[in-house]
Every structure is written in C-alpha cells, then in structure tokens.
Amino acid sequence: MENVNLLKLADGQLMPQEGFGLYKITDQSTITSSIRNAYNAGYRLFDTAQLYKNEAEVGAALQELSLPRKKLFITTKVAEPNQGFKRTILSVKDSLHKLKLDYVNLLLIHWPIERAFFDTWAALEELKKQGLTRSIGVSNYQIIHLQYLATQAHEMPVMNQVERHPRLNQKPLIEYDHQHGIVTQAWSPLGRGTILTNPILEKIAKKHGKSPAQIVLRWHLQSGVAFIPKSVHEARIKQNIDIYNFSLTAEEMAAIDGLNDFTRVGKEPALVYEYNQKW
Ligand code: A2P
C-alpha cells in the first residue's frame, strides 16, 4: 500500500490509483482468498458490481478477514435492470446490505442507457446526499454521454471507469475526462490477458526484467489513469502491484501507445445506450 499512489477526486476523496478487480470471481473461497492475498500485497481498492453477482460474497469476505473499513476503498455499480430513480435507490440499499457496509466509497452507473439516463444519475446524487456513498461516478461513458449528462446534472461524475488497455488506449476520452476534473479508471487493464504475448511488450519486459503484465500496468500508471487488474492467482496478484520500482522511458510509453487498434474485449457503449442493455 505504501507504494500505491493516491489520486484526489474532484470531491476531495482520496482514491488509490491501483485497485483490485473482482469481475468474474464468484465462489466464496476464491473471493476470500483473493481479497486476503490482495490486501496483504497492498491493494486497498476493491471493485465489485451488482452485475458480478458477488457482492454478498465480497461482504462475507470483508467480515471474515476483519479488514479495517477506513483503510478500504469499495466501489460498486448499478446494473442496467436496476436503473431508474426508485430502483437505483432500492438496489443500492440492497448492495450495501449484501456488502455489510454502511456506505461505499464510490458508486457508479455501470453502463449508460437511454431509458433512464438522467433519473439514475439523480438517484446517485440523492444517495450521496444520504451518505450511502462518498463519491459518485459513471462507467463506460463516452464523451457524448458526459456532455449530455452535463445538461441536467447537479454535480458531475468524479470518475469514469472504461475499458482501457494498449489495444484501446482511449486517448481522446482520457483527455476530455482530465479537462473536466474526472479521473479515468481502466477496466480490463490487461485486455483480459490477450495482449500479453505482444512482441513489443515482451521486448520491453525483457529489458526491465519484468513481465509483460507489469509493463502494461506501469504504462497505465505513467499515463495518469487509475487501473484495476484482476487475478485469482496469488503470484500474479503480487506481481501486478510490484510495479513501483522501475519506470518506462518516453519512447517505451510511445511504443505502447502505438499498439492501439481500437480492439474491445467488452461491449460498445453506444450500442448498450441505444439497446438499453448488453446483448
Ligand atoms: P487469472 O485470474 O487466472 O490470473 P483484466 O484485468 O485485463 O480483465 O485481465 C484479467 C485476466 O488476465 C485474467 O484472465 C487473469 O487471469 C489474467 N492475468 C492477471 N494478471 C496476470 C499476469 N500478471 N500475467 C498473466 N495473466 C494475468
């Protein structure tokens, strides 16, 4: 933890730049051991979502491990079927019940959808007022969604969590977020592991005596974005936070930026918006 940078969100809350993603980890024993290993390795930010169907298991793990609440930064996200003012409020109370928490540090709208675009955001503003979350933000919002939100929001998101990895480097969006005081956080920072055999990454890794995954995570760090790698393996969990004792040169950063080819591992946000759901 000592090594992990803290970013100051626009509302004043401090957020670890690196966190631990809990996507696709669902069974209780794996969740408990992953959170234990991650906490021991220094991670303090844990990222879940209603869609991951593991909030109750995460809550049970936090309780079993007796981790100090004040040291933790917990994020959850409102799923598409729960969007809309009332349903969002009820579903977040249910999330808190499952997580066995009085508040989360950060609450996000998981995907923009047309059906409940402004109402869901109004619910997040209300939940923040009620103290059930410290900060509010969005996920998978493109520039156009942020601009549209700004037409009715009373306060703007402090965070935008989006797919980001070397094949989708999101330069214009990161620049827009930055200009508007929004921290960008990368989900699937390793591109679900699919990019790790890229020869350019392998070459840079060899030069630094690091793994390609560590090179990619260091690239996120030096790009100024937040990032949440996921692994269920202790060695990888440790490896993914052991990135604070070397740095990439400007040329190496540029070479990794050059791997962008607009390949997504997840859904296209504009289509989720139009269809009101993932497909
Ligand atoms: P596993 O959980 O079996 O370790 P992302 O965070 O981009 O979604 O990537 C997660 C994927 O990458 C998971 O399949 C994870 O597998 C794998 N992964 C995580 N860390 C590493 C690493 N250091 N080296 C190789 N693969 C990794």
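Glycine too: its Cβ is placed from the backbone N, Cα and C atoms.
Database features, via TrEMBL:
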DOMAIN    29-260  domain 'NADP-dependent oxidoreductase'
ACT_SITE  Tyr52  active site, proton donor
SITE      Lys77  site 'Lowers pKa of active site Tyr'
BINDING   His110  substrate binding site
Item to check | Close in space, distant in sequence - Lys77 (site 'Lowers pKa of active site Tyr'), Cβ under 8 Å, 6 or more apart | outcome: Thr48, Ala49, Gln50, Leu51, Leu107, Leu108, Ile109, His110, Ser139, Gln161
Checklist entry - What is the Cβ neighbour count of His110 (substrate binding site) at a 10 Å cut-off, with all protein chains included? => result 23
Checklist entry - When you measure from the Cβ of the residue listed as 'active site, proton donor', which residues in the chain that are at least 6 apart have a Cβ under 8 Å away? => result Leu22, Tyr23, Lys24, Ile25, Thr26
Checklist entry - Over the domain 'NADP-dependent oxidoreductase' (29-260), what does the predicted model average in pLDDT? => result 98
